[in-house]
Amino acid sequence: MSRPNTSPPSTSSSAGSNIATTVKAVAQLTIQDWTLMLGLIFGGCCSNVFTLEKIVTHNPNSGNIITFFQFLFIAIEGYINFFDRDNGPFYIKKNEVPLSRWSWTIIMFFSISVLNNSVFIFKISIPIHIVFRSSGTVIVMVIGWLIAGKTYNVLQIISAVFLTVGAIVCTLFKDRELVTIFHKRAEEEVAEGAVAQGFLSAIEDDVLFFIGIGVLTFAAILMAVMGLYNEETYRRYGKHWKENVFYSHLFGLPIFLLISPKLVSEFNELMAYPETFNFGFISVPKQLVYLLLNVLTQFFCVRGANMLAGNTTALTVSVVLLLRKFVSLLLSLWLFDNQLSVTGSFGAGLVFVGAFMYSYASGAGKPASATSSAGNYVKLNDDESKMGHELSDVDAQGKREA
């Protein structure tokens, strides 16, 4: 089995060359270009997280219907792009990769998407969702080492330590300071919605939360495996990532029939929401409007990420998307009164620092690759990419999270 490569990641000259490449790419863009791209990324992506949190705050069990609408929108968009009037009966362009090869990707992608959007019923807040999924690089590295024999340089290994420690600290001390571990719990909070006190009592009292963390972990492992599978697919048949996105969503739609009763139930709950938006003579439940806006803002978010990826380096894309995640985290804490202790905030900071270090260590001068409309950063090299969902992740799978 290959072992991590602990040799220095690069010389000072190569690092300087990478930085020069990034600066040159950034300098070639006009103010108008940057305004449009950053507007789409920060406006679209942050609005997407806002609408998601609006939905799950009142309807935490709505993950399946959110996922279904995202799949439906992307499948329709993909069909428009892959339409071929001369290739009946379905009028879809001839695929470059055999459908049998895509079948495992379709199953894994569907599972990852449903899992990532279902964790809100386990008391997983949006800030924890953002931070934990941002730390997925570690799982990608471990799976890559175990299965594919990938090696990593010193800076990548250090970044993995930052990510791991940060994710653990943020998860265990999300609403309690580190010092409470040394003090006996003075009183028990029994009010509805009370949070667990300290990490020992959290393990005892907040079982649902740790089940949710387990679900996110399993989804991250599955995502890493799918990333390796897709890398092999691209190596054999070429980097047809658009085809991957289209078929993953198109053929994922029939799988929703297995949970159709849940979809109907979740949709009815959104429709039954008492507050409405009035559009002239029509009143529409707010939750339904937020659902539609969630799908549309996802499209704008990924369009901006695509534009950025097509005009700058991978490091620039990673930094901008990390900043976007950080802004989303701050907005969630501010607008929705989510709690994150000082200790938890320190852990979140370690995660973002580690993610930046990994991006830099993986090669600042590499060209960026494209993103899918699913919110998946489709990196066609060995770097970590999202799933998912949130349009937030830079996942090595070729999804979850622009």
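FYI, residue positions are counted from 1 along the chain as it appears here.
Glycine is treated like the rest: Cβ placed from N, Cα and C.
Taken from TrEMBL, the feature transmembrane segment covers 34-52, 64-82, 102-123, 130-148, 154-173, 207-226, 246-264, 313-336, 342-361.
Two recorded stretches are said to be in contact when at least 3 C-beta pairs lie under 8 angstroms, sequence spacing 6 or more; the transmembrane segment (130-148) and the transmembrane segment (64-82) fall short of this definition.
When Cβ distances are compared across the two stretches, the transmembrane segment (154-173) makes no contact with the transmembrane segment (34-52), since fewer than 3 pairs at least 6 residues apart fall below 8 angstroms. The transmembrane segment (64-82) makes contact with the transmembrane segment (246-264): 3 or more of their CB pairs lie within 8 A, with pairs spaced 6 or more apart in sequence.
Remote same-chain residues near the transmembrane segment (246-264) are listed as 64-65, 68, 71-72, 74-75, 78-79, 81-82, 95, 99, 102-103, 105-107, 109-110, 113-114, 374 (criterion: CB distance under 8 Å, separation of at least six residues from the stretch ends).
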